[in-house]
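Asker: Pasting a structure here, questions to come.
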């Protein structure tokens, strides 16, 4: 839930999603779900020349399981808040 | 909520975990992102010749095989001459 | 040992101690990261800042296949703020002291 909440606060921000097939896609984060599936608008494939496959695609849905990294805008991430939330989430996890 | 509802009845491009690219009209989907595509075609890319389109018809694609679903802007897609495109196939997903 | 909640009981407690510290992360696909750890969850999803990624690329010299004729190249990249999906994470630790 924690990471899901972080992504929800970043909707309408520009992010770059790197997939496990080495494709990198930059776009505006429109929505995210509990599986961390991502909807991006206004996408641009990095290294377009090698990947013309998506020339006609302007927005997409990316399955969470194929994501390797998401580069986030540092100025929109409150690291202190994140760390506090993580400590709290970690406490609730112990009771498994 | 990240829903595929917005793509129903639209032309979409599916990229699969083995690197295949399939285009078609999304007829339906479910919570596991299994997708039904009608009028689907596989687009095979190569460095030696233009894109080959193989008609497939009505397809059910398992959600766990899907990498991404892109909405195709039909005007842009028509503007592209597939026979001039040279590209390597998309790499498969490696965990 | 006193099993109170302030002790280290399981691996995730150890990671919790590294919050806001620089950590070393080993990933699948011959990749490594160092970065400051800001968040993690039960899947080992991570959020790191000030990240440096190192990718090992091994070239095998086919023509001279004598024992040990491999070159290891390294590609590095820096990123300000990164989410890392947990299914790629092998280990998380304090940075190695070399």
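Cβ from N, Cα, C; glycine included.
Curation does not apply to TrEMBL; its annotations are automatic.
For B:1-75, the entry in TrEMBL reads domain 'Sm'.
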Asker: Average the per-residue pLDDT over the domain 'Sm' (B:1-75) and send me the rounded value.
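Answerer: Taking every residue of the domain 'Sm' (B:1-75) together, the mean pLDDT is 94.
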Asker: Pull the DSSP breakdown for the domain 'Sm' (B:1-75) and write it out as helix, strand, coil residue counts.
Answerer: 8 helix, 42 strand, 25 coil
